[in-house]
Amino acid sequence: GGRGANQVSDDYRYQDGNYEGYAPNDGYYRGGDEPAHEEDAQSDVTEGHDEDDEVYEGEYQGIPHPDDIKEKQKKRAPAMADEYRDRADLMAERMEDEEQLAHQYENIIEECGHGRFQWTLFFVLGLALMADGVEVFVVGFVLPSAEKDMCLSSSNKGMLGLIVYLGMMVGAVMLGGLADKLGRKQCLIISLAINAAFAFLSSFVQGYGFFLFCRLISGLGIGGTLPIVFAYFSEFLSREKRGEHLSWLCMFWMIGGIFASAMAWSIIPHYGWGFSMGTKYHFHSWRVFVLVCSLPCIASLVALKFMPESPRFLLEIGKHDEAWMILKQVHDTNMRAKGEPERVFTVSYIKTPKQVDEFIEIQSSTGTWYQRWMVRISTTFKQVWDNVLYCLTAQYRMNTLMLAVVWFTMALSYYGLIVWFPDMIRYLQEEAYESRVKVFDEEEVSHFTFNFTLENQIHRNGEYRNDKFIGMKFKEVRFEHSLFEDCYFEDVTSSETFFENCTIISTVFYNTDLYEHKFINCRLINSTFMKEKEGCHLDFEEDNDFLIYLVSFLGSLSVLPGNIISALLMDKIGRIKMIGGSMLISAVCCFFLFFGNSESAMIGWQCLFCGASIAAWNALDVITVELYPTDKRATAFGILNGLCKFGAILGNSIFASFVGITKVVPILLASSALVGGGLLSLRLPETREQVLM
């Protein structure tokens, strides 16, 4: 069981570089020499007897001494015993060792205290979590500009919006599993490096296919951060601090959303913040925004280089000395910050679990380098797969299935509504815009030069003769059953502009983007199209609506009260009540969306929903960390977070399809999912009083 810090001081001592511990057969790590009184006793017994004078008669015949044979047999005995023991016995012994380690480690972390080291790690890992929050918002902000820059169709836009979640889903499972085998720090560095490299590269590529690929791999990298960050940080926290400080850490996801919204607001509308190289390569301001959004990831990657590996992970794989040195570093750093540098780290040895699955090491002389790496990779992935299956064994199956349902229902409703809110606001804007349309019937215009913008107009049965349309823009303009004769169009750009059932006679189109698909059932007689505009053209006044950035900014900021409340109450009311209560309150908020018939009402209900649901997200992160043992923790978190991203993909697809059709289905679906998940979460075991296994 857990012993107090005073007992730890009595039992574990470190003096003058030597370890003092129990007898050799107690299963604990030992170091140092035998006590001096035993040496004195031995010298008394052997006084007057010089072993060097005694010559074994078989010495010169190469025959081993019987005492040497017995000694070697004693050393081999434990290894031979393990070889022939049943695996179930070895696993039972390992489980017993892990339970002892869990309580001892809790006492050690309490002795190390909570101070400067944890706060430094808090900000380093917070930057990684911030990068995850930024990644979710990036594509949504750049889509209006990227669709013009890359000539994206509706299906291409939809794929670009979902591809990041697909990458995150794969990355969470894959990198989360690897973190339990290769280490928290190493896998987090790999995850951040992949994200930073491909996010940086995506800002420069011009083609849609390559951009899509870069965002996929970037999402794969950042997908691994969430499982690793929470597993990593939790292993430096004591039981009393864990729920609160993991909840504070969740605030960085909110900061990531605020950062992305603010940067989009301040960078994307500035068309001049870019450059062009010839006619083929364009680096517009939205690409500058993508570049800036990779900064939190790069900053975390650099800072992580100076942080140590998780000592709890090192103990799991039998690296006692490395773990001890890191724990001493944590202790000394915190004590110096508290003004108590004289405090000595009293722990001399720590229980290490029995190693059952040893990694297969191939000697450098065996096979080729390719064969050696293939065996290492296949062995590692087999171990990861075994961990995945372990989460579904009888001991964890029910908890894993219940958590999976809660994660999925939460993601389906949350991410679905997060996409639905901006889409509904756009729809309301479009309805209001269409209600202000100007209609012109049977107008006749001749010998007139149009050099100004025509916007939100419908022209029916008009006649235009000898008119010039020069250096102008058409925005949301339709010409129906109209006649154009001897007209001249030059340097014209258009957006959502169409000619329907029109007759166009002897008209010249020079350097315009009035392409063939914009003429619907029209008769073109002796008309000429010369030097058509190539590619797509940005129109920031139309496509970049400041209100959308404001909505995302307010939605991210609205979770601040929920974050603070969840952090302060997480260890007081428990994880289960936090999840259930938050999800049920969020479900109630969904019903009020029926009354959201204006932009301001939709923004208000979005803020209320985000603020209410964040507590459930925080509690889910904490309980997922605490329910699984150290060697399965990141794997289980990765599986559940991957399922969460799958729920996000479904939510985005389903909810977006009902925009402009009905509000009933999205609202009822989100509410039902939240109520079902919230009630099921009450069946989960409470973990606030348990140590990390």
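Every residue gets a Cβ built from N, Cα and C, even glycine.
Automated prediction, rather than curation, is the source of TrEMBL annotations.
The compositional bias 'Basic and acidic residues' annotation in TrEMBL covers 31-40.
Summarising the annotation, TrEMBL assigns domain 'Major facilitator superfamily (MFS) profile' to 121-688.
The region 'Disordered' annotation in TrEMBL covers 1-80.
Feature annotation from TrEMBL assigns transmembrane segment to 121-146 (among others). For the transmembrane segment (121-146), same-chain residues at least 6 beyond its ends with a Cβ under 8 Å from one of its own Cβ atoms are 152, 157, 160-161, 163-164, 168, 188, 192, 195, 199, 211, 215, 218-219, 222, 225-226, 229, 232-233, 236, 245, 248-257, 259-261, 264, 268, 284-286, 289-290, 293-294, 296-297, 299-300, 303-304, 307, 419, 422, 538, 540, 543-545, 549, 552, 556.
Within the chain carrying the transmembrane segment (158-179), a Cβ under 8 angstroms from the stretch's Cβ atoms is held by residues 135-136, 138-140, 143, 146, 152, 187-188, 190-191, 208, 211-212, 215-224, 226-228, 231, 380, 384-385, 387-388, 415, 419, 634-635, 637-639, 641-646, 648-649, 652-653, 656, all 6 or more beyond its ends. Per TrEMBL, transmembrane segment is recorded for 158-179 (among others).
Sequence annotations record features per position, and here TrEMBL assigns transmembrane segment to 186-204 (among others).
Residues annotated as transmembrane segment in TrEMBL: 210-234 (among others).
Residues 122, 125-127, 129-138, 141-142, 145, 229-230, 233-234, 237, 285-286, 288-289, 292-293, 296, 540, 544, 546, 549-550, 552-553, 555-557, 559-560, 563, 566-567, 570, 614, 617-619, 621-622, 625 of the same chain sit 6 or more residues outside the transmembrane segment (246-268) yet have a Cβ under 8 Å from a Cβ within it. Summarising the annotation, TrEMBL assigns transmembrane segment to 246-268 (among others).
Annotated transmembrane segment per TrEMBL: 288-307 (among others), in sequence order.
Long-range Cβ contacts of the transmembrane segment (401-421) within its own chain (Cβ-Cβ under 8 Å, at least 6 residues beyond either end) map to 140, 161, 165, 551, 555, 579, 583, 586, 590, 602-603, 606, 609-610, 613, 616-617, 620, 623-624, 627, 639-641, 643-648, 650-652, 654-656, 658-659, 666, 669-671, 673-674, 676-677, 680-681, 683-684. Annotated transmembrane segment per TrEMBL: 401-421 (among others), in sequence order.
Away from its own ends, the transmembrane segment (546-569) comes close to residues 133, 137, 140-141, 244-245, 247-248, 250-251, 254, 257-258, 260-262, 264-265, 269, 418, 421-422, 425-426, 429, 578, 582, 599, 603, 606-608, 610-615, 618-619 of its chain (Cβ-Cβ under 8 Å, at least six residues beyond either end). Annotated transmembrane segment per TrEMBL: 546-569 (among others), in sequence order.
Positions annotated as transmembrane segment by TrEMBL: 576-596 (among others).
TrEMBL lists 602-623 (among others) with the feature transmembrane segment.
According to TrEMBL, the transmembrane segment annotation covers 635-658 (among others). Here the transmembrane segment (635-658) has long-range neighbours at 158, 161-162, 165-166, 168-170, 172-177, 179-180, 223-224, 226-227, 230-231, 384, 387-388, 390-391, 396, 400, 403-404, 407-417, 419-420, 423, 624-625, 627-628, 665-666, 669-670, meaning same-chain residues at least 6 beyond its ends whose C-beta is under 8 angstroms from one of its own.
Residues annotated as transmembrane segment in TrEMBL: 664-684 (among others). Beyond the ends of the transmembrane segment (664-684), by six or more residues, the same chain brings 399, 402-403, 405-406, 408-410, 412-413, 416-417, 420, 575-576, 579-584, 586-587, 590-591, 593-594, 616, 623, 627, 654-655, 658 to within a C-beta distance below 8 angstroms of the stretch.
Packing against the transmembrane segment (186-204) from elsewhere in the chain are residues 128, 131, 135, 138, 171, 175, 178-179, 211, 214-215, 217-225, 228-229, 232, 283, 287-288, 290-291, 293-294, 297-298, 300-301, 304-305, 309, 634: each is 6 or more residues past its ends and has a CB under 8 Å from a CB in it.
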